[in-house]
Amino acid sequence: GAAARPRLSPMASVTRAVFGDLPSGAGTVEKFQLQSDLLKVDIISWGCTITALEVKDRQGRASDVVLGFAELEGYLQKQPYFGAVVGRVANRIAKGTFTLDGKEYKLPVNNGPNSLHGGVRGFDKVLWTPQVLSNGVQFSRVSPDGEEGYPGELKVWVTYTLDGGELMINYRAQASRTTPVNLTNHSYFNLAGQGSPNIYDHEITIEADAFLPVDETLIPTGEVAPVQGTAFDLRKPVELGKHLQEFRINGFDHNFCLKGSKEKHFCARVRHAGSGRVLEVYTTQPGVQFYTGNFLDGTLQGKRGAVYPKHSGFCLETQNWPDAVNQPHFPPVLLRPGEEYDHTTWFKFTVA
């Protein structure tokens, strides 16, 4: 018989390049390109940010499916956390305050009356230290005691590894004092290719029996509400545009409550029928913020001349529940000295 065709290694290759220089000699931002036979991912050391992610469609044509910028300047302007790792605490903390061991902490308020994604200069707006691995890259930094109002020094490691069609992100942290920690990645996806006008033709499934209703400032009310019979029942696939119309909602910006297990579990699936691209998300986290880009307004100039109007990308931010530090019945968000915060999320791309 014919000789077997050599199979491309499912492991990835990693290349390293300069992405740009920070103003006033604040350092050089590097770009790491992870490439397998199925995916090509660009990640920069500024905010551990995914700047590009190329996925083939069913014809074998590759398109970049994440929103972002071609140059460093884009990431340094005011922009909505495209592709970045957000922390020390992702999502919202009500009124930017919490009490811990009898002491009240005040955080910068940067989102209406609340503190969002770690404050004014969160983990997305700092230079991380990279280390190249055989099939990925690990970024580390030390968040000093008191940074953005948070107690204790926090050592953090974020590792991206690529294996075939699967991008894995692992987050680890150790604290010198008890502090809330909640890390996630804030990539905005459009499986039709970044720059496509909207995500209405995407079919979404989220494996959650409950969600967190929010007040007008997007802080959870404290209720854990069943999705049954509501717009939030995404347990069977729905086409996003039709679904938003049917329920007359402006979009999603809500935490969906996943299985409580610390093991890897299925979280969400998004399918784009036109291209055949499918994204599946697995995580060890108890929640995922499904966000449909409601605040995008078309003013930012993205890659290849693209603009990003409302609903032109979606985020699946695997996380602990928002405002958990103020809501004792939510899953615990505090990291104590001697413990390790350790969470992993998998983004798996296939074509169907």
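Glycine is treated like the rest: Cβ placed from N, Cα and C.
Heads up, TrEMBL stuff is auto-annotated, nobody curated it.
According to TrEMBL, the protein carries these features:
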- Asn91, Arg92, His186, Ser187, Tyr188, Asp253: beta-D-galactose binding site (BINDING)
- His186: active site, proton donor (ACT_SITE)
- Glu317: active site, proton acceptor (ACT_SITE)
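Where TrEMBL records a feature, it is marked here on the structure.
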residue: Asn91; record: beta-D-galactose binding site; contacts (Cβ under 8 Å, 6+ apart): Leu116, His117, Asn182, Thr184, Asn255, Gln289, Glu317, Gln319, Pro322, Asp323
residue: Arg92; record: beta-D-galactose binding site; contacts (Cβ under 8 Å, 6+ apart): Asn111, Asn114, Ser115, Leu116, Thr217, Leu218, Ile219, Pro322, Asp323
residue: His186; record: beta-D-galactose binding site; contacts (Cβ under 8 Å, 6+ apart): Pro80, Tyr81, Phe82, Gly83, Ala84, Val85, Val86, Ala90, His117, Asp124, Cys315, Glu317
residue: Ser187; record: beta-D-galactose binding site; contacts (Cβ under 8 Å, 6+ apart): Ile50, Leu53, Val66, Leu67, Phe82, Gly83, Cys315
residue: Tyr188; record: beta-D-galactose binding site; contacts (Cβ under 8 Å, 6+ apart): Val66, Leu67, Gly68, Pro80, Phe82, Gly83, Gly293, Leu296, Tyr308, Gly313, Phe314, Cys315
residue: Asp253; record: beta-D-galactose binding site; contacts (Cβ under 8 Å, 6+ apart): Val214, Leu218, Gln289, Phe290, Tyr291, Thr292, Asn294
Local Cβ density at Glu317 (active site, proton acceptor) - other Cβ atoms counted within 10 Å: 25
Span of the beta-D-galactose site, taken as the largest CA to CA distance across Asn91, Arg92, His186, Ser187, Tyr188, Asp253 (Å, rounded to a whole number): 18
